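First the structure, in the form of structure tokens, and then the observations on it.
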Amino acid sequence: RCVEVFYIYFHAGRVEEPYVSITKKRQMPKDGYSEEIEKEVGQAEGKLCTHRSAFSRASVIQAFLGSAPQLTLQLYICVLQQEITAARSIFMVLSLLSIVYGALRCNILAIKIKYDDYDVSVKPAAYLCIFMWRSFEIATRVTVLVLFSSVLQIWTLPVVLVNFFGFFFYPWILFWQSKSPFPENIEKALSRVGTTIVLCLLTFLYAGINMFCWSAVQVKLNDPDLINKSQNWYRLTVYYMLRFIENAFLLLMWYIYKTDIYLYVCAPLLVLQLLIGYCMAVLFMLVFYQFCHPCKKLFSSSISEGLLSCFKFLCFICKPPKSTILTNKAEVKSPETTDEARSSSKSIDSQKGNPYQSVSSNA
């Protein structure tokens, strides 16, 4: 692909192309109106766009299936050896930047796939927000996994497998629940077995991304494009809430079972820093979706409204039903009513036991 890209680039414009294609893109709506723009795309430019999309997807694969495990392993070795060499620190920084770049490309790909009909232009402020969001999220996640695995090596594999297979089978469970036919239009040359292998590799990459950070591209196997193009704030909120709880639990286990290699480490301060770092990632994510998203005008609801509805839903679930409240109130009021009943019964009995007094009083 690299050789072909350079060949097309340096030979572009020298020979007149036999045909061009016309693409139609819509502008972002201004004052409720959206104009449609037609653009001629030559054969060379179309091939370059195809190669650029392939490079973007390759950077995502390399980041989460190559750099992410490498960074985790190198940091684990540094913790056990209690030493960080210059060469190892350089490679860890490069691996972290590679993962952040892959996550950033994943965000941009998700935006372009979901809003393919629009002419999307991403501003520098959006890139900065995504970079800070992904940097805090991935750095804290890797650090939490390394700290936990350094003291509880036996439980590392179950935690990793539960996370991985949970995200791997989640798209398949949704596909089976939808009762949709098996997707056949991925590639005409592929057989049913080949299509299954491609879908498994896609969900494998999806699980690898969600192990370390939120996957902006949500896999939907019953969709022709295999991508969920709707903006689901509920799934985003549930993911970050569960991930925060998981990170806090792993840090608590590390704090309880930490060994002598952490003798000169202020454990409470480190736990607090990691939790604040993850909250900073969520904060930059909220800023991006609320203010810097290039297609925020197309949202049916903003991120603040979505989070508010999610919190209302969670409060509604956690709130006890009215029936239990009424029964509790009845139980609280029951002693008073029984005392009143007893006093009234005593007065009636006294009146029945002294009939002359009642007759004289009547007289």
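Numbering starts at 1 and runs along the chain as displayed.
From the backbone N, Cα and C atoms, a Cβ is placed for every residue, glycine too.
Annotations in TrEMBL come from automatic prediction, not curation.
Values in this document were obtained by computation on a predicted structure and should not be read as measured data.
According to TrEMBL, the feature transmembrane segment maps to 86-104 (among others).
Listed by sequence, the residues of this chain that lie at least six past the ends of the transmembrane segment (154-175) yet keep a Cβ under 8 A from its Cβ atoms are 145, 148, 203-204, 206-208, 210-211, 219-222, 250, 253. Here TrEMBL flags 154-175 (among others) as transmembrane segment.
Annotated transmembrane segment per TrEMBL: 196-217 (among others), in sequence order.
Beyond its flanks by at least six residues, the transmembrane segment (237-257) meets 140-141, 144-145, 147-148, 150-152, 155, 159, 210, 214, 267-268, 271, 274-275, 278-279, 282, 285, 306-307, 310 of its own chain at Cβ-Cβ distances under 8 Å. Under the heading transmembrane segment, TrEMBL lists 237-257 (among others).
What TrEMBL lists as transmembrane segment is 269-291 (among others).
What TrEMBL lists as compositional bias 'Basic and acidic residues' is 330-343.
According to TrEMBL, the feature region 'Disordered' maps to 330-363.
TrEMBL lists 344-363 with the feature compositional bias 'Polar residues'.
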Cβ contacts under 8 Å made by the transmembrane segment (269-291) with residues that lie 6+ beyond its boundaries: 125-126, 129-130, 132-137, 139-141, 143-144, 214, 240, 243-244, 247-248, 251-252, 255, 302-304, 307
Tertiary contacts of the transmembrane segment (196-217), as residues 6+ beyond its ends and Cβ separation under 8 Å: 60-61, 64-65, 68, 99, 103, 106-107, 109-111, 113, 134, 137-138, 141-142, 160, 163-169, 171-172, 183, 186-187, 190, 226-227, 236, 239-240, 285
